[in-house]
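Database features (TrEMBL):
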type	residues	note
REPEAT	161-195	repeat 'PPR'
REPEAT	196-230	repeat 'PPR'
REPEAT	231-265	repeat 'PPR'
REPEAT	266-300	repeat 'PPR'
REPEAT	301-333	repeat 'PPR'
REPEAT	334-368	repeat 'PPR'
REPEAT	369-403	repeat 'PPR'
REPEAT	404-438	repeat 'PPR'
REPEAT	474-508	repeat 'PPR'
Amino acid sequence: MANLVRANVDNEMVKAVAAVMLKGHWDNLLKPKIGSCVTSTTISQALLDISQYYFSLSWSFFKWAESVPSYKHSLQSSWTMIYILTKQKHFKTAQEMLQKVAVKDFLSSPTVLNALVSSNLNNDVNSHLLSWLVIYYANSKLPHDAIQVFEHMRVCKLMPHTHACTSLLNSLVKDGLTDTLWKIYKKLQKMGVVPNIYIYNVLMHACCKSGDVERAEDLLREMEFKATFPDLYTYNTLISLYCKKGMHYEALCVQDRMERAGVCPDIVTYNSLIYSYCREGRMREAMRLFKEIKDATANLVTFTTLIDGYCRANSVTEALKLRDAMEAKGLYPGVVTYNSILRKLCEQGQMKDANILLNEMNEKKVVPDNVTCNTLINGYCKIGDMKSALKVKNKMLEGGLKPDRFTYNAMIHGFCKVKDTDGAIEVLFDMVRIGLSPSYCSYSWLVDAYCNLNNEVAVVSLPDEFTRRGYLVDVSFYRAIIRRLCKRGKIDGAEKVFHIMQTKGVLGDSLIYATLAYDYFKVGKVDAASYLLDDMYRRRLMITLKMYKSFNASYSDENTLLDMFWSNVVQRGLISRTVYDDIQQLKILS
């Protein structure tokens, strides 16, 4: 009874507000006695009632209320107005309003969506609104929000527009969420969404990005079965995939197929095919294809690909000839083109020629990037010219470029090569200071340099040096040092570092234990090896398939010792049944 009375009161209030709207006495709604009784639900319902007969009046009232300083539209009233605009086919205005609301409010929440959608029962309009919302979130790089809206549509049996489906799938591809993409696509099919060429092209792009040839071929068959004819983008994506996989014959078959279908190859098609040849050093075939280009014009990518191919094939002279040819056609090399030539010159130790090329870049206003600087630094480090390498690094900083992991590793390697361990350690600490984690190679070069100087003590004291400078030494540091010392046969040094690690309270991982145990077997310390393997079992540290492969690759010339080691590992149950089965399969295949 109380609910019925409340409903009557609400209906009367809606009628009163609607009457005020119709008469145009909108200021009356601002009076305290009336305004205190008007809720967002009342406004929303009044807007709906008026819009059935006087759409322009409801829109004018909404805009007027928006301009009142003391009033702010609620999410409910805003959504109602968007709903009315969409129903009246004022799509552009509705979309603009929806985007503004989505920026301010958390619309992808299932609770919010349920409240908004259930307030208006026209499924066609709701499909419009939620499809636009999916597009907005997808284009805003918020794929998880887009998925939430899509899932709500699926539960409510609202059909998403194909544009929304394309946008959602495309956002998933861009974010590398390939598994999620295929799950969503299956759901779309169950919902009855008929894929168009745009959806298929996004799916084909996903296959290309993940290197899934089999699925791409299945998609092409599905398109043919559903009479959706591939377009230029479809064929180019498939050719690109085959070329990345080195499947030249299949790529050329697709080119032939597209031409027979009346789709002319463009420069993107040719660039993919040329790239596949250059990648494998087949420059004769690449140049033959380059000369056969028809109905398309070679661009910067074409020439850069060929120049890079010649550099990789050790033909810098041919690369420079092509560089001149592209300039003659009015195409001027950019930083990527110059980087390809610089890389080869630096690899060959031709630093004088590299500097001439660098000066040419400067004259032509081609700005060096990180790759340019790293290439030069690496080139100088290889020939032991650390003074020049440091100069390039300083110029890099002056130019606003940030040294990366490659920069620091090249310099660590360079300093170690010239036996300047102090320089190497300073670069290592500089690397840690800016938040970059040194790799196994970074530590390995340092260990090698100290060992070559017969200064094993310096290696063992590295953890204390890190601590003294205020840096946390984690398990990756100990793993790299112990592995490298073991690799060099410095088992005593590795044992000391392992002991330091334990006293510092750092728990070793499977690789540290297995590496040390193996080397104990190697030097005849069977009891020490057995103790470590037993400790591994107590700590439930298991051998992975990756570790198994790594050991076999590193100690391939020690088969007898490896067999004994793996036998001890298996006896102690340090390999799971799944990994053991995988290992047996590997043995059969080998």
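Count begins at 1; order follows the chain as displayed.
Each Cβ is built from the backbone N, Cα and C atoms, and glycine gets one as well.
The DSSP breakdown of the repeat 'PPR' (301-333) into helical (H, G, I), extended (E, B) and coil residues amounts to 25 helix, 0 strand, 8 coil.
The repeat 'PPR' (161-195) scores a mean pLDDT of 94 in the predicted structure. With a threshold of 8 Å between CB atoms, the same-chain residues lying at least 6 positions outside the repeat 'PPR' (266-300) that come near it are 232, 235-236, 239-240, 242-244, 246, 248, 251-252, 255, 258, 306, 308-310, 312-313, 315, 318, 326, 329, 331, 333-334, 337. Long-range Cβ contacts of the repeat 'PPR' (196-230) within its own chain (Cβ-Cβ under 8 Å, at least 6 residues beyond either end) map to 162, 165-166, 169-170, 172-173, 176, 178, 181-182, 185, 237-238, 240-242, 244-245, 247, 258, 261, 263.
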